[in-house]
Amino acid sequence: MEELRVELKDKKYPIYIGYDILKKFLKNYRDNYSFSFIITHSFLYDLYKEDLEISQEGIIYVPVGEKSKSFKEVIRISRELAQRGADRKSAIFAFGGGVIGDLTGFVASIYMRGIRYIQIPTTLLAQVDSSIGGKTGINIKEGKNLIGTFYHPDAVIIDIKTLNTLPEREYRSGIAEVIKYGMIMNQSLFNFLEKNTTSILNKDIDILSHIIRESLICKKYVVEKDEKESSLRMILNFGHTFGHAIEAKGGYKRFLHGEAVAIGMFLATYLAYKIGFCDYSVLKRLQDTLLSFGFDLNNPYRIEDLVGYIKRDKKAYGGKIRLILPKEIGKVEIVENLEEKDIIKALKAGDGYGK
């Protein structure tokens, strides 16, 4: 087992990474609170109820999918907590993927003006990305995560064993976020991904531990430098400007988050290449790596149809589009001076972009 620590001005918390560690750490943390509640999906509870060791009274189920990140679910969960006696010394445990983590964190941040919570991510995507950093959020029709807070957990417990029951498509979706870290700041991680594709797809425990740890070190570094996303933290959104637009256009049903981010990273890198921001070799290596992990890189939507979503992206300001574009493998920059028409023109120039 390994331990990392997130060190912020007003909050410090551990990240535990190991195999079959869930039961031990869950018991240790549950003893710290007056009441403990687990927010999860029913199928996850059925798979791990022996590890969770909690009665049905302590479980609050959430439907699967991005549609659960809604005001409707926030109100329902908050009422469930109130009816079951949750007080200010209670804690809620997010046991699931990014949807569960984002939703649970948001509820924790506003219920009784803030109660404690623990992240227990069960998907690769949540383990390497969304479970740390304190971002919580829900979706509205106009875009993803437009309503949210910054609210950090007491701890993050990453049990690699939970990836054994993760469907292949969900697992691959998480790999996109690992590739992102390689692209934005860790060239050696990107090289490792290129050389160990088969072992990663086969869920080799030692290989998984390595890429999870390396990803978290990247995320931890950025969050500690820029907790509230005023500057540096924006680079974590590489691929997400286009990716979130693609997710929203598809009604949060057609694509998993990582699938949309994979297309988004490819579009951003293609754009960078077309405007002379990066060499073709950067685009080619990213393309080859994404394809080797089984991602479909075809954007099914017209670029013009995505622009409305892109202009509502959280990084945008004054109607201007901000994009994270790669200079080379392991280095990206925030680009603010691109015109909408130039983005559309550049992306439409390539075969397979839009219809």
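Positions of Cβ are set from backbone N, Cα and C atoms, glycine also.
Long-range Cβ contacts of Thr123 (NAD(+) binding site) within its own chain (separation 6+, distance under 8 Å): Gly96, Gly97, Gly98, Thr162, Leu163, Leu166, Glu170, Tyr171, Ser173, Gly174. According to DSSP, Thr123 (NAD(+) binding site) sits in a coil region rather than a helix or strand. Under the heading NAD(+) binding site, Swiss-Prot lists Gly98, Val99, Ile100, Gly101, Asp102, Thr122, Thr123, Lys135, Lys144, Thr162, Leu163, Asn164, Thr165.
Taking a C-beta cut-off of under 8 angstroms and a sequence separation of 6 or more, His257 (Zn(2+) binding site) has the following same-chain neighbours: Glu66, Gly98, Leu125, Ser173, Gly243, Glu247. Here Swiss-Prot flags Glu177, His240, His257 as Zn(2+) binding site.
The CA atom of Thr165 (NAD(+) binding site) is located 19 Å away from the CA atom of Glu177 (Zn(2+) binding site). With the fewest other C-beta atoms within 10 Å around its C-beta, Leu163 stands out among the binding-site residues Ile100, Leu163.
Those same-chain residues not listed among Glu177, His240, His257 yet with C-beta within 8 angstroms of the centroid of the Zn(2+) site C-beta atoms are Leu125, Asp129, Ala176, Lys180, Gly239, Gly243, Gly258, Ala260, Val261, Gly264. Spanning the listed NAD(+) site, residues Gly98, Val99, Ile100, Gly101, Asp102, Thr122, Thr123, Lys135, Lys144, Thr162, Leu163, Asn164, Thr165 have a farthest Cα to Cα distance of 29 Å. Cα to Cα, Ile100 (NAD(+) binding site) and Glu177 (Zn(2+) binding site) are separated by 17 Å. Between the CA atoms of His240 (Zn(2+) binding site) and Lys144 (NAD(+) binding site) there is a gap of 10 Å, rounded to the nearest whole number.
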